[in-house]
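J.: When I checked Swiss-Prot for this same protein, it listed these features:
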TRANSMEM  4-24  transmembrane segment
CARBOHYD  ASN210  N-linked glycosylation site
CARBOHYD  ASN293  N-linked glycosylation site
BINDING   CYS448  heme binding site
Amino acid sequence: MAYELSTLQLSCVAFVAFMAVLVFRTRTRNLKQNVPPGPRPLPIIGNFFDLPPKGQPEYLHWFKHKDAYGPVSSINVMGTTLVIFHDKDAAHAVMGKKAQKTSARPQLNFAQLCGFENFLITHQYNDKYRLHRKMVHQEIGTKGLSAGFRPIQEQESIRFILQTFNRPDDILQHLKTLAAAIVLKITYGYSIERKGQDPLVELIEHAMENLSQAFVPLAWAVDSVPAIKYLPDWFPGMSYRKTARKWRAINEAAAELPYDFVKRQMAHKAHQPSYVSNLLEKHMIKSEDNKINVSAADEEAIKWTAVSLYAAGSDSTVAIIHSVICGLVMFPEVVTRAQEEIDRVVGSDRLPNFDDRTNLPYVDGIIKEAWRWNPVGPMGLTHKSEEDLVCGEYLIPKGSYLLPSLWWFLNDPKEYPEPRVFKPERYMEPFNHPDPSEIAFGYGRRSCAGRYFADASVYITVVQLLAVFNVRKARDDQGNEIPVTLQAIPGMVNRPAPFQFKVEPRSQHHIDLLRRIESEQIPEVSHASLLKPSTV
């Protein structure tokens, strides 16, 4: 979603001018109290034109502010202050140490109309959020709990390896299948359709695409000019309401259909243990008819935290593994050293597993380096201050949007020398650089609840890929290697721009291993036909 001043916004300025001036004057009084520096605002609209332009990733746009205005800078849009942190210590002081006062989310009118306020990552910091996060934490929030899902992750990784063996040119689609299969099986005990498009995957991915657009601060007219929400539907430019109603229906279907699937499977005692079935069993209210009944509050929490797991896990898993592949292609010496370690520790007669990780420090470093080199959330998700805060010499006004540049914290050459080099050994002796996961998974009480689960999915996929495949640059028709660079593309989830690469088995011995593993696989029956048809 681009930041653009639309015709609607311009036409509404006159309608809301008086209110806007009042709000602007009230809120910008704080500007005299030494808020962080930034570009000079225009009357009424403030720094609207200083928001990221269409087609540019946010973190690259805000990075320019670091050199122009310092490590903590700000802009003001229609009376709302945005504070951008390129100072890790300052960000930690505000969003870590003062998490109780800075864990709120911006009140985005458009996202709320779409129903995204039900997703865990977009909840306000309140009792509902704490209940939902506690529910997730109790099921997958620790290393021990996430270890219980390893058999599923390992099996799906093997399927990914075999799909790549048979159709290497479709590896990115195989990655999407892998991520969806893991999350849906763990969350709902649902087996996806592998011979075509799965209806549940399609539905939830549609919801995630909408989320990415809806949750960009001040990108929608009703967020930058809130007064227009009081205008009638017939007023020019109110089409955003039709979009919001459509997206809300998609969100509700994405939450309801798989939840209903689990309940029906449990009623027939045909369910697979999953996040949803485990919680239903824990919160079930006994009844004479043996139906699966839970309180309305528990049902809402189970239903929406479940779909939130997909929102947080699937897209980010694909993005980070794609970044690993980019790093391997750009720095071929990493592939060589990783394969030497795998061959020495594991051998070449089986695939690596989770038990091998502690003996594969270089491969473990590849996973750490991926989270650092191209973080999935380079600006995190926006926090909001709930009261005036002091940050060093600056005042952060109540209601400010807080944007930490996680990308810079993880690419600061003072912390990570040669930051644009993909260098897994930086976490080993004698370098011992800081573990990037402490930053990459977010701040304070908004940190990713499924971080151990996500990291495990990435590890098992990458280590098994490297064990049997060479990953290298593609060649053109003249046999010359095609150069690869890491290019950013805009979006809430950071992923590499498309690039060409080649994946092929390492040797005939590895081909034989893959064929043996393939012969041992038991076909899986899809649950797609058991879903109730969606009306969306």
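Along the chain as shown, the residues are counted starting at 1.
Placed from the backbone N, Cα and C atoms, the Cβ positions cover glycine too.
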J.: When a 10 Å sphere is centred on the Cβ of ASN293 (N-linked glycosylation site), how many other Cβ atoms does it contain?
T.: 15
J.: According to DSSP, which kind of secondary structure is ASN210 (N-linked glycosylation site) found in, if we only use helix, strand and coil?
T.: helix
J.: Within 10 Å of the Cβ of ASN210 (N-linked glycosylation site), how many other Cβ atoms can you find? Include all protein chains, please.
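T.: Excluding its own Cβ, the number within 10 Å is 23.
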J.: Cα-Cα separation of ASN293 (N-linked glycosylation site) and the residue listed as 'heme binding site', in Å?
T.: 30
J.: What's the number of neighbouring CB atoms sitting within 10 A of the CB on the residue listed as 'heme binding site'?
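T.: Its Cβ has 22 other Cβ atoms within 10 Å.
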J.: Between the residue listed as 'heme binding site' and ASN210 (N-linked glycosylation site), what is the CA-CA distance rounded to a whole number of Å?
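T.: Counting only the Cα atoms, the answer is 21 Å.
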